[in-house]
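Peer 1: Please see the structure below; I have some questions.
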Amino acid sequence: MRLYNTLTRKKEEFHPIDEKEVKMYSCGPTVYNYFHIGNARPFIIFDTLRRYLEYKGYNVKFVQNFTDIDDKMIKRANEEGITVKELADKFINEYFVDAKGLGIKEATVHPRATENIDAIIEMIKKLEEKGFAYNVDGDVYFSARKFTEYGKLSHQSLEDLELGARIDVDERKKDPMDFALWKAQKPGEPAWDSPWGKGRPGWHIECSAMANKYLGETIDIHSGGQDLVFPHHENEIAQSEAANGKPFARFWLHNGFINVDGEKMAKSKGNFFTVRDIAKTFDYEVIRFFMLSAHYRSPINFSAELLEQAKNGLERIYNCLDNLEYLKEHAQAEKITDSERELQNRLLGIKAKFIEAMDDDINTADAIAAIFDIVKEVNTNINATSNSSKEIIDFSLSLIKELGGVLGIAQKSRQKVLDKEIEELIERRQKARKEKDWKTADEIRDKLKEMGIILEDTPQGVKWTIQR
């Protein structure tokens, strides 16, 4: 398996430090609002990477943090007239609602910055002892120039970074590129006791300390959005490697932006859409499928039209699964035939292409294309007139579900309660048609259509599918 490493700017063969376990840290949300689809992209992409690593047999220790204290949190809490903790609790709960809808597995650990203050203070003390940090009236800064490899992730010198960076102007800093590790308390802000007086941690040190606490000094994979390369991830490397004297992360993975009308989506630009809002029109799974339809490092354009295309694509897969479920119930033959064995071998060949795509820097676009190739083969060879065996139907069903599971899609099955209700309505419609009560038959068809049920007459009887 090869992954593109931002640190080396090339694809490299991935082997974890421990041959059986992968240690992975992914930057989570700042919990002051519902997350938008720009935030959702890394959550979905790196959940998919985790799923694939687990599929390959690794135990993945996956840590995703919650930033639950920073300037945005304090500002929003003051606007709402609630505490920062109440705000964080609310939006952490809302995160899990949206994440569950998107099929994002819970992390092994979801640490909150405010619950790891001791670990953060310990790391800052270590940096101070080693001469990488200095205290100015209760504010503690990291000396960027003392870390000689600063800039190695963004592949720029300190001078270049200084010219192009948005830097907090603070005359008390020894160098403009120095950044805050600890911020002295301001009136009305939450604060914790520390050797430098009451205050709160800086953003960058939170991730370094939590990764160190839960995964150790050197981890296999650190991931996040492209916008985090500098300064956040650059600063994490500086802090962690200065404190521990060891490489922090062996692989750095970053996803591309989501654009709206050619511009990066961002809360600051006001051109963002929350996942919660989009899910009112499109199913959460459609959003996930949309994200996986492009290579994760490429920019992706957002539009309702593209979401509609994703919906149609996902529906093709589900219709194939529904068809297989239906044929399985009515299959007469048990044993696989020679021609079906040939089909099985062709499907296994396509599965190999799926694996090849995922092994090539998690190329989910090509992996989805492989699933569509399987769907095409199945639809052509296993249908109402093919008299297919239960064995080949079961094999095809399992294969689509297996590969879909790697991507976190196509795992839903028709609800049994819904099945019963629909079957009863279809039976009533059939009875009405026999009695030439066309009015009732049409009314039932219309009702089913409103429920998103499409009817199809087949030699085995009426077949129905859910329009998702």
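Easy rule for this one: first residue shown is 1, then count along the chain.
Keep in mind that glycine also has a Cβ here, set from the backbone N, Cα and C atoms.
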Peer 1: Which residue range, 29-39, 139-149, 403-413, is the one Swiss-Prot calls motif ''HIGH' region'?
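Peer 2: Range annotated as motif ''HIGH' region' by Swiss-Prot: 29-39.
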Peer 1: So what's the average pLDDT for the motif ''KMSKS' region' (264-268)?
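Peer 2: That stretch averages a pLDDT of 72.
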Peer 1: In the same chain, which residues outside the set C27, C207, H232, E236 have their CB within 8 A of the centroid of the CB atoms that define the Zn(2+) site?
Peer 2: W203, H204, E206, S208, H222, G224, L228, H233, N235
Peer 1: Going along the chain, which residues six or more apart from H232 (Zn(2+) binding site) have their CB under 8 A from its CB?
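Peer 2: Non-local contacts for H232 (Zn(2+) binding site): C27, W203, H204, C207, G224.
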